[in-house]
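Student: Input: one structure, supplied below.
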Amino acid sequence: RKEMQNEGAPPAFRHSNGSVHPVKLPLRPEEVPQALGEYALTEMSSTSEHSDQENESPDMVVLICRANAKDQRGEGTLLENASQSNESYVTSADQTPVPSVPMKETSFSIGLQVMIPFLLAGFGTVAAHMVPDIVQQWSVFTEVSEVFILVPALLGPKGNLEMILASRLSTAANIGQMDTAKDMWKMIMGNLALIQVQATVVGFLASIAAVIFGWIPEGNFKMGHAVLLCASSVATAFIASLALGLIMIGVIIASRKVGINPDNVATPIAASLGDLITLALLAGISTGLYRELEYNDYANPLGCAFFVALTPFWVLIARAIHFTREVLYSGGEPVIIAMAISNVGGFILDKTVSNPNFAGMAVFTPVINGVGGNLVAVQASRISTYLHMNALPIAEPSPAPQKCPTPWSSFFGSALNSRSARVLFLLVAPGHLVFLYTINSMQGGHTTLTSLFIAFYLAAALLQVVILLYLADWMVNWMWHRGMNPDNFSIPYLTALGDLLGTGFLALCF
C-alpha cells in the first residue's frame, strides 16, 4: 500500500471487513477473461513494474486473473477468505490453499446435524444446574457460601467465550483457513492462547464480583476466603477453557472430515459441556483448596499467582499470530456488556424466585435460556460463515446502507439462512417437551406439569426463539457491513438477550 501511495496511485478499495484489494483494469479487450468462474483473484505487491508501460494507460489498480481448473464450484464460490485483520489478505494464489468447497445443505440435513448436539446441550444444561443441589452440603459450600455467587458470574461469560471460539473455528474451517497443517496449527495455537487470556480475566473478575456482593454489604470480609475464591475461580476458568478448547478443535476437525458442517454442531456441544465441566471443576477445585487452608496458608495465593503469571505468555502467543491479534484487544468488550445484560435477567429471577407463586422458576429458567441461546448461536455462526464465504471481496469505500431484514425474509425466504431459521424454530417445541419430561421425572421442579403450564411455557419459548433468530439475522449482517467480525461480537449479545427474554417471558408465564 505504501508503494502505491508513493507512486501516486489512487488508494486501493477496502472491504468492510478489513481486506485490501488493489486491482487494475485490463488495457486491451483480449485481456478480459471470458469465463470469470474459472479465475481466482490474486494480489499484486507493487505497480512500479507497470509505470513505464504505455503513457496513455490509466494508472488504476491491477486485477490478475489466473486460470484455476479445479475451481468449478458454481454459485457460492469462495473468492476470498474474509478476515477482520488487515494482515490476513491473500498475497498470491500460490501461497494460499484453495478453500474448501461450501457444502450443499438441505433442510433435512441441517435438522439432522443440529438435532443430536441440540439435545445433548439441553441435557447438559439440566444436569449442570442439578450439580449445585448435589454439592451444596459439601464443607466448602457451607463454610464459604460465597462460592455459590461464583456460579452465575463464571458460567455466563465463560460460556460465551467457548461459543465464540466454536463459531470462530467453524468459520475458519469452512473458508479454508485450516486446510493446511501450517495454517491449522497457527489457528489452534492462537485461539488456545487467546481463550486462556480471556478465561483468566473472566475468572479473576468473577472472584472480585463474588467478594463485592458476598462480603462488602455485610462488612464481614475474610482475606483467606477471598483468596480461596480467586484461586478457585481462576483455576476453574483456566482448566475448563483449555479442556473445552481442545474438545472444540477435535469436534471441528472431525466434522469436516466426515462432511458435517461444524457450524451445526460446535456451538451446542460447547454449551452442553461448558456448564457441566465448569461446575464440576469449581466444586472439586474449591473443595481441595479449602482443605489446604488447614495445612498450608500459601497454597491458595500461589495457585492464583501461578495462573495469573501465565497470562503474559499467552498474550505473546496470541499477538504473534495474525488470526487472533485483533481479537485479543477487542474481544472482551462484548463479553462484559453481555454480562451486564444478563444481570438484568438475574435481577428478575432474584425478585421472583422467593415468591411462592413462582415456585419452580429457578429450575426452568436455565433450560429456556439455554435452549434459546444454543439455537441462536447456531444461526449466528451459520450466517457469519455464509458472509465470509459469499461476500464480495471488493466493495466501495462507503457502501450504501443495508436495509433491515423483514421477518418474512428472515423466516420464509428461499435463502439458506432462512431455511436454517425455519429448521431451528421447528426444533424448539419437541426439544422443550423432552427437557420438561426429563426435569419432571428427576423431580427437579417444584411445580406440577399441567397442560396449561406446558402450553404457556411453550408459547414463551417459541416467542423467545423467534425474536432471537430475527435479531441474529439483523445483528450479524449489521456488524458485517460495519467491518466487525460477527464471530467475535454477535454471540455474547444474542445469548445475553436470550437470558433476558427467557427469564422475562417465563415470569409472565408463571
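The backbone N, Cα and C atoms fix where each Cβ goes, glycine too.
The structure displayed is predicted, hence computed values, not measured ones.
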Student: Quick one: sort out which of 130-151, 328-349 is the transmembrane segment according to TrEMBL.
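Tutor: Per TrEMBL, the stretch marked transmembrane segment is 328-349.
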Student: By a Cβ-Cβ criterion of under 8 Å, what residues six or more beyond either terminus of the transmembrane segment (328-349) are in contact with it?
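Tutor: Answer is 152, 156-157, 160-161, 164, 194, 197-198, 201-202, 315, 318-319, 361-362, 365, 369, 488-490, 492-493, 495-497, 499-500, 502-504, 507.
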Student: Excluding the flanking five residues on each side, which residues at least 6 beyond the ends of the transmembrane segment (298-316) place their CB within less than 8 Å of a CB in that stretch?
Tutor: 193-194, 196-197, 200-201, 203-204, 224, 227-228, 230-231, 234-235, 238, 289, 292, 328
Student: Would you kindly list the residues that approach the transmembrane segment (421-439) from elsewhere in its chain, counting only those six or more residues past its ends and only Cβ-Cβ distances under 8 Å?
Tutor: 107, 110-111, 114-115, 118-119, 122-123, 125-126, 363-364, 367-368, 371, 375, 378-379, 410-412, 445, 449, 454, 457-458, 461-462, 465-466, 469, 473
Student: Checking distant contacts: for the transmembrane segment (265-286), what same-chain residues at least six beyond its ends satisfy Cβ-Cβ under 8 A?
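Tutor: The answer is 113-114, 116-118, 120-125, 127-129, 131-132, 135, 138, 140-141, 144, 147, 150-151, 154-155, 158-159, 162-163, 165-167, 169-170, 228, 231-233, 235-237, 239-240, 243-244, 247-248, 251-252, 255, 370, 373-374, 377-378, 381, 491.
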